[in-house]
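Asks: Before I ask anything, let me first share the structure, which is written out below as structure tokens.
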Amino acid sequence: MSIRPEEISAILKEQIERYQSEVEVSNVGSVIYVGDGIARVYGLQGAMAGELLEFTGGTFGMVLNLEEDNVGAVLLGEYNHIKEGDVVKATGRIMEVPAGSAMLGRVVNALGQPIDGKGPINTTAFRPLEKVAHGVVTRQPVTTPMQTGLKAIDSMVPIGRGQRELIIGDRQIGKTAIALDSIINQREKKDLICIYVAVGQKQASIAGIAAKFEEMGAMDYTIIVAATASEPAPLLYMAPYAGVAMAEEFMEAEGKDVLIIYDDLSKHAVAYREMSLLLRRPPGREAYPGDVFYLHSRLLERACRLNPDHGGGSITALPIIETQAGDVSAYIPTNVISITDGQIYLEADMFNAGQRPAVNAGLSVSRVGGSAQTKAMKSVAGQLRLDLAQYRELAAFAQFGSDLDKATLARLTRGERVTEILKQGQYQPMPVQEQVVSIYSGVNGYLDDIPRDKVGEFEVDFLKFMRSANADVLNAIKDTGKIDDATEQKLIKAINEFKSTFAV
């Protein structure tokens, strides 16, 4: 058999033409230090701030410091197997979290991974952790109410959709309870998506909250983002941004209204301080880094109400801050107070005296919520604030004098009754029309002759009576959002009719 050279050359040419080379270019570096949840990596040219890095063993990290000869990264998982000299690969991707309707009813960690044992989450929507907040042109003013179901708040510190309202107070005085009641109150309409971000809380507490939401039927429209106390600081730092990224998917892509709760931003700031000090950033006041204000302002500025041209959705943010011994002039509390559109101040003395929710009406304020309040609530809330202010002023003097004139006694009596009316149990949010008739009966003096210890009982029975015999009055307030003359006359008649049957 003779081999012809031209055949061999033809075969070789064909093989060469068919050959395809695939060159994969990776940006790689090596670990020069690892420990305390952070790593320093040498040789990553062109790394971006916030970029995702892949370490050996599948652990991911996020770039936070870009320095002259290395990058500082925080590690998002187990790092005991990572050692000096290990290869690190830059992914070229910014940190993202899954989003969309598939997340509803689930408990996820700060990376958006499910931790509730209900299987994987199937979603194609992803959102970047960091995003520039919407500008002035795309926003519109706050005009729609966000009902919390709590009389003390919906009347005196009203919250509108798209607002940022701070809940501030000492530990264990009902801050989280207000936030949870606000979520549970949405179960009737279910037109508000709720996201509860737990930062640095006990796992048992989060399990309890999830169980309560399931029991109350609130989990259908809620996502819980949990970064527990046992998790590394980077995950605690990321959790609020993950929550607001999920909220933006609903607001921008679907035009929906979202309520997001950050519980709490004090622990968030502490986690950021820990990371910053480990990354050797210069410390400032209370050892917080210089950009701790920006940490919270860029988060809370992402809450807004979009105009109809951009979908008309909204994000309402309720950040929580824990104070030490009522000190609202500390660093983090003053920062967040200046960023938000008002604050609900909870007082330990009121809580211990049995006034729950312990909202201090004098120190609490809502800067933009007033324009979102319904006319019916506005008509009773003005008198309510006045009655409480006069009562607080007189109650201090009444402790010293026994012989008070009739006008002073009448004001004290009215204040006591109104204070009783504002009491409300946990997990018992109330529809706005029932709140209005309760407060109306208090501020217009119909409870002045009811003993103080019977006011709560009177209110419960009176609302049952209104639901059964005077549902038309409640429906009129609900549908029109105001109390017209005809409705008011019916309401007065109903109050007097019930009072005649109420056994004191």
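FYI, residue positions are counted from 1 along the chain as it appears here.
Placed from the backbone N, Cα and C atoms, the Cβ positions cover glycine too.
If you look up Swiss-Prot, you'll see Gly169, Asp170, Arg171, Gln172, Ile173, Gly174, Lys175, Thr176 marked as ATP binding site. Among the features that Swiss-Prot reports, site 'Required for activity' is placed at Ser364, with the record citing sequence analysis.
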Asks: Taking the Cβ of Arg171 (ATP binding site) as the reference point, list residues of the same chain whose Cβ is under 8 angstroms away and which are at least six residues distant in sequence.
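Replies: In sequence order, the residues whose Cβ lies under 8 Å from that of Arg171 (ATP binding site) (at least 6 apart) are Glu322.
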Asks: Nearest to Ser364 (site 'Required for activity') in three-dimensional space, by Cα, is which of the binding-site residues Gly169, Ile173, Lys175?
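Replies: Looking at Cα distances from Ser364 (site 'Required for activity'), the smallest one goes to Gly169.
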Asks: Helix, strand or coil by DSSP: which one applies to Gly169 (ATP binding site)?
Replies: strand
Asks: Just how many other Cβ atoms lie inside 10 Å of the Cβ on Gly174 (ATP binding site)?
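Replies: Around Gly174 (ATP binding site), other Cβ atoms within 10 Å: 19.
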Asks: List the other residues in this chain whose Cβ sits within 8 Å of the Cβ centroid of the ATP site residues Gly169, Asp170, Arg171, Gln172, Ile173, Gly174, Lys175, Thr176, in sequence order.
Replies: Glu322, Leu346, Ala348, Phe351
Asks: Hey, which of the recorded positions Gln172, Thr176, Ser364 is the loneliest by Cβ count within 10 Å?
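Replies: Minimum Cβ neighbour count within 10 Å, taken over the recorded positions Gln172, Thr176, Ser364, occurs at Gln172.
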Asks: When you measure from the Cβ of Gly169 (ATP binding site), which residues in the chain that are at least 6 apart have a Cβ under 8 Å away?
Replies: Lys175, Glu322, Thr323, Gly326, Tyr345, Leu346, Glu347, Ala348, Ala358
Asks: Using a 10 Å cut-off, grab the number of neighbouring Cβ atoms around the Cβ of Ile173 (ATP binding site), all chains included.
Replies: 21
Asks: So, in DSSP terms, is Lys175 (ATP binding site) helix, strand, or coil?
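Replies: Looking at the DSSP assignment, Lys175 (ATP binding site) belongs to a helix.
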